[in-house]
Amino acid sequence: MTLSVPDCAEMNRIRMSNHRKMSLGSAPLIANGRPSPPPRRTSLAESIRTLAFTARRNSSPLYRKSTKKLKKSRLVGKNGICNVYNTNVPKKDRQYLRDIFTTMIDVKWRWMLMLFASAFVLSWSIFGTTYYLIALVHGDLSLPTPVNHTACVMNLDSVYSSFLFAVETHHTIGYGHRYITTECYLAGAIVCLQAICALLLQSFMVGIVFAKMARPKKRAETIIFSDKAVICLRDGQLCFLCRVGDMRNTHLVEAHVRLQFITDRETNEGEIEPLHQFEMKVGPSIADDDRLFLVWPTTLCHVIDSRSPLYNYNQQTLMSAQFEIIVLLEGIVESTGMTAQAKTSYLPSEVLWGHRFRKLVTYQRSNGSYQIDYDLFHSTYPVRTPAMSPAEFYSSKPNLKDYYCHDSHEHKLEDNRSSDSTPLPSPSPYSYPSTPLNHFQSSSNSPVFSNNHSKFNTEAVTCEAGMLCPPTIVVQCPSTCASPNHMRRTRNQMDKSRTSSSCDLTRPSTALSDLEEECSDSGSPTKCQSPPVVPIHIEIVSET
């Protein structure tokens, strides 16, 4: 015996057929053979409440349709809007009315303009009705006008004319056909009162409109954050990186950034503290300095050390973690002097382990300026990064040569995007010895020097620490230099044509200041325009 299970389309057809039968009056039978009870009738108030709840649920950003994949809830959206709602606040309306100025600034433009239009119409109606009652009591509306009778307001004979007189008084348009006389002191007092109320109402409206237009909320929308954050090695330390940029030419003054790590925390007594905030030290480099110079896009760096909340997360546990990292950027708007705040957040699924951000800045030699390509603002590329947690990585004492990955291909991409070649980056102080002079004064057993000669082995320096040493400038000591603190270094003789058109090469340019201090009469080195291609051999001469 074969059982056939109806598909979803057939089940929907059967359900619609049963619903149609119920609407026609034939009640279907239930399992025990008894007819189903009639549906409960709902009241009008209950139906209105149900419709209001459905409309509010559909318009809420928390609502997710069943046909779509459910997304993880977050406290702060990518656009900076906080996903937090307050309920059951005692005396909320009363507190909002006490702070009416802030309430009016926070409401939307359409509600604010509608409220002000209603306030104007209400003011005109109240004072127009007052003028009409004064004219009615004074007898100005009687059809047979008495002889030698002076009205309080001339030519005010209907409700509409009194309304127009109130509008003229409110906006100081100027009296024409209708004007006030000195017959009634009460009418004059009402005119003065209306002038004061109109002045207060217009001042309040202008102040709110100006404050609403000048607030830096829209200025914060021109600050963009990267869609993804990355974790990679930087100077031998695992770092959490994200990128921030400002699209405007008027920059933020005294900009500083903060990182908040939000997760549930369990105390020693077993109490679960929801949404606990951990402060994460962050800055534009590995130094703990939260101040930014936001002229070009900056990569924010948080060093993952023992004090970091990311210290025990590895590549696998990061994907199943439950936390949220909120980035807060604050600064003073240069044009208005007001404080602007931009914020975003990153979930564990938005943190890429073992990636770097692509470079945006391209030097244009044609006009001497720097070009920023925002098409690559969110782009990353994978690099060699340990998959273990920072705690395990630091305790294992790894060899950093295994994770070295020079981004020379990024500079080639910059050369292709630029109209002219991009200048070489300055050497990093982490790639070279701290005392270059001692590096050259090493013993003969060092792999940098050959066994039988005191010549400098360029291949050993090139492969030292797994890093490529870029071409650098040499400073020749003058013949009159008699300093006993360093050795004389001379070059092998080369072709005269090459010597006249090229510059000498030796160690990094960061050592120039050492040589200048040791040689009192040495001149400033000449700039290198076209470095030679062939390697330069350097001889070590003993002290004189």
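Cβ from N, Cα, C; glycine included.
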What range among 147-158, 159-170, 459-470 does Swiss-Prot record as intramembrane segment?
159-170
DSSP-derived helix, strand and coil totals, residue by residue, for the motif 'Selectivity filter' (172-177)
0 helix, 0 strand, 6 coil
Over the topological domain 'Extracellular' (135-158), work out the mean pLDDT and round it to an integer.
81
